[in-house]
Amino acid sequence: MNSTEDVTLAVMPRELTQNPLRKIWMPCKNGLPDKHISQRRVCMTNCPTLIVTVGLPARGKTYISKKLTRYLNWIGVPTKEFNVGQYRRECVKIYKNFEFFRPDNEEGLKIRKQCALTALNDVRQYLSVEGGQVAVFDATNTTRERRGMIMRFAEQNGYKVFFVESVCEDPEVIAQNIVQVKLGSPDYIDCNTEEAVQDFMKRIKCYENSYQPLDEILDRELSYIKVMDVGRRYLVNRVQDHIQSRIVYYLMNIHITPRSIYLCRHGESDLNIRGRIGGDSGLSTRGKEFAHCLGKFIQDQNIKDLKVWTSQMKRTIQTAEALGVQYEQWKALNEIDAGVCEEMRYEEIQEHYPLEFALRDQDKYRYRYPKGESYEDLVQRLEPVIMELERQENVLVICHQAVMRCLLAYFLDKSADELPYLKCPLHTVLKLTPVAYGCKVQSIYLNVEAVNTHRDKPENVNISRLSEEALFTVPAHQ
Amino acid sequence: MMDADPDTDRFEEMPDHLQSGLTQNPLEKIWVPWMSSRLSRRRGSSVPQFTNSPTMIVMVGLPARGKTYISKKLTRYLNWIGVPTKVFNVGQYRREACQSYKNFEFFRPDNEEAMKIRKACALSALKDVSIYFSQDHGQVAVFDATNTTCERREVILFFAKENGYKVFFVESICDDPEIIAENIKQVKLSSPDYLNCDKEEAVADFLKRIECYKVTYIPLDDDKDRNLSYIKIFNVGSRYLVNRVQDHIQSRIVYYLMNIHVTPRTIYLCRHGESELNLVGRIGGDSGLSPRGNKFAAALGKYIRSQCIPDLRIWTSHMKRTIQTAEAVGVTYEQWKALNEIDAGVCEEMTYEEIQENFPEEFALRDQDKYRYRYPKGESYEDLVQRLEPVIMELERQENVLVVCHQAVMRCLLAYFLDKSAGELPYLKCPLHTVLKLTPVAYGCKVESVFLNVEAVNTHRDRPVCDEPQCSQTPPLRHSRAQPMASPAPTKAPCLEDLGLTELSLENVSVDRDAEDALVTVPDHI
């Protein structure tokens, strides 16, 4: 390249404009956002990914599929699962018995293959048309032949393939699995427990003879993780990119040991009473009372090896101190940074920053306070907390409203739109217990009065709205 | 506890620490119970607990399988994220014991004399491991040796069990002759063992050395070793076998090992071009580039194009000045919020003179311990490292990358690549308009500094030095967690030296110092 030509051909840097909602700087032309060559997030992968589960029935494939999908969606990767069993149930309205799955049942085989193809078609719709980024193809996929078909499909469409195989021979684990999720399946809705278990065991047998696990030699060019004995051991082969690396890390950190996660906010704070957001104030009198009640509650729950986590803000630490046990402070659990609006009342925000206030109501998840954070930013900073929560067993997390909403959204699979409006009132503990494919929630109000800090989305979110319309849903305060 | 006084008026008059029972450590802005100095133990730890007992990472594998490479890299990473870690290379002990290396015969399995020496070296290293854990506040020790026999591993497991250490094995298995040859070329030929050999001799001898070990090598066994915790790395990372990860630190180690690679590549680090706020000596903010900054951006574009880098990724922060800089390069870039400059909280957009005027105590505290010092309502370098960890992890995964960032951020990233301690990190020189080109080589990183010939202000503020011999100084606060350090050299004294506190008598970092003394190292500005 000629150096003198270089000077004249030097790229003219485009003007930048800051998106008023997300506070992201973007190139613009004539005052309007230009074709966006910069990406706002870390590039997880440059083409859609198809995750393919592999394994005999009752090996946790659907459990893994649903959990992984929930995690990926929460961190912002649009993901959807496609359960072939579901397609089969829609096709064959009534399940009679295991004979449907016999390897010599030609009629059954035809239907099952058709269901797989229909599901793949929907995968293509999701990844290539609807803008999905990851599809989880949840089926047994126990033969090399079936997996070959899926790989050809992926190649044709430009998808990367990553297999997740679950191998387990522990009869206790399998029995527990059947009890937890098979007995309640639509297939066994009219059976008694013994019948159902027997039939399901015979169903597993149908697959066993033709099962070809991923092979170290034959499948050495494939990308996969083999999960053995519910996570005691993993074999990881040819991780291709960032998203696969994150998926592997996640799968290696989850476990199925029964445990409970307790989420609550700090006790009512002085700023809470005055209707001010953010800041780093101490507990009010009622807040201290709550802390004391929380201590009693935790003692009564008699929880084995409970870990207690707080943020680095005074009010959560004061709350934890009342428990009289060891606790860890996480900066990542700090409340959302409201930037220039810190310590303001909503009325003041409306007065000084009416535009910002309106933008926030328009898209509360993505809205970033000037010199502050958005819920979207919060999720990113909370990801290591979630990862560690997955590793741990019994944990009590004492945090803040916005933070608790993010954590709750992860456990209860809430969308970005629902997340910022989840109800997390003061002085209420949420006890989360994993059950079947999801999470049971128990809400425990500890009977100490507190202000309400929940502001619903007002009807009028237009920037031209009146003050009264903006402040309509502000909760009462001093 | 802190019982509320039923008479609210009197209660509100009480000092804050009595009302809340908490006081805020002035340096790190961490809330602690105010009576903690009188009580036995502080209940709240301010960093997540990685593990509750010391961990030994034990390498396993034939020579030239990358064990030392992995040991050093892992140690560098763990120290950077704040886990005090040290490598114990048994080969080093052997070289100290035997002074001069003759040839591979030393390693013959039937060489009884040598076997005795080698075993003694291993035991000596183990002894140093226990000293590191018990006296030097170490948390992780990397035991770097072949450890290829069950017998040797048994010795280590027994030692660890006796002392209450966790053990995690890292085995590297490779049968690709090309990789092994490359390995020998990169790090063995220059080893002290082969100082006076010509290349061919050295290679021939080393290959015979490897043969000596092969005879007795027993890899970790799927069945017999099923109760051990380990990761087996096959062929430089195309495959991994992970068994029984016990805790958080082991999980992080596995994740790290699975993300690193040895493909040659280059990382370019630079700051945004000179900004409007830089010109007037103000810190932080979100200003645009000055005219000279724009010139730099153009020069950067030219330089990058001239380097002809295949598949270059460009990363910026979310701040205007880095994005403006990247725009001039003319290729796709990714914005990372994690790369944003350190948040100076209440000091944002101030000049150092203004900080001295408005917050003289804060200014002094910062000079006392710049790594741990957190701006009020802002961040510390320590916070920065934690937020940059995913960036480092992704940098390890990637190949050629240009990171356009900020002074404090660049210092943190540089400290990771160059293994700088917490004491050195905040004073690393990262001037404007200068690109640092980092190329991994042997066990470390080659740095090339490229000044792109566009003048800019200097934004580097050294630790202030003064003539006054006697300065009172608030003692650095001690915490239950150990302090992050760079990978320690064998004879390095911990902690105080790393903080640069031995030169305390010459430096005025006292809270009572004069404004002049505080501002003596502030760089010029408009």
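Even glycines carry a Cβ here, placed using N, Cα and C.
Pulled from TrEMBL, these are the features on record:
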| type | residues | note |
| --- | --- | --- |
| DOMAIN | A:44-258 | domain '6-phosphofructo-2-kinase' |
| BINDING | A:ARG265, A:HIS266, A:GLY267, A:GLU268, A:SER269, A:ASP270, A:LEU271, A:ASN272, A:ARG315 | substrate binding site |
| ACT_SITE | A:HIS266 | active site, tele-phosphohistidine intermediate |
| ACT_SITE | A:GLU335 | active site, proton donor/acceptor |
Exercise for the section: Grab the substrate binding residues from the record (A:ARG265, A:HIS266, A:GLY267, A:GLU268, A:SER269, A:ASP270, A:LEU271, A:ASN272, A:ARG315) and give me their largest CA-CA distance in Å. Expected result: 14
Exercise for the section: Within 10 Å of the Cβ of A:SER269 (substrate binding site), how many other Cβ atoms can you find? Include all protein chains, please. Expected result: 29
Handout entry: A:SER269 (substrate binding site) to A:GLU335 (active site, proton donor/acceptor) - Cα separation in whole Å
Key = 13
Practice task
Measure from the Cβ of A:LEU271 (substrate binding site) and count the other Cβ atoms within 10 Å, all protein chains considered.
Solution key: 21
Exercise for the section: Please work out the number of neighbouring Cβ atoms within 10 Å of the Cβ of the residue listed as 'active site, proton donor/acceptor', leaving out its own Cβ. Expected result: 24
Fill in the blank from the handout: Given the substrate site A:ARG265, A:HIS266, A:GLY267, A:GLU268, A:SER269, A:ASP270, A:LEU271, A:ASN272, A:ARG315, its other Cβ neighbours within 8 Å of the Cβ centroid, in chain order, are A:SER281, A:GLY282, A:LEU283, A:SER284, A:GLY287, A:LEU426
Problem - Protein Cβ atoms within 10 Å of A:ARG315 (substrate binding site), excluding its own - result: 31
Practice task
Could you measure between A:ARG265 (substrate binding site) and the residue listed as 'active site, proton donor/acceptor' for me? Cα positions, answer in whole angstrom.
Solution key: 10
Practice task
Write out the long-range same-chain contacts of A:HIS266 (active site, tele-phosphohistidine intermediate), meaning residues 6 or more apart in sequence whose Cβ is under 8 Å from its Cβ.
Solution key: A:LEU283, A:GLY287, A:THR310, A:MET313, A:ARG315, A:THR316, A:GLN318, A:THR319, A:ILE398, A:CYS399, A:HIS400
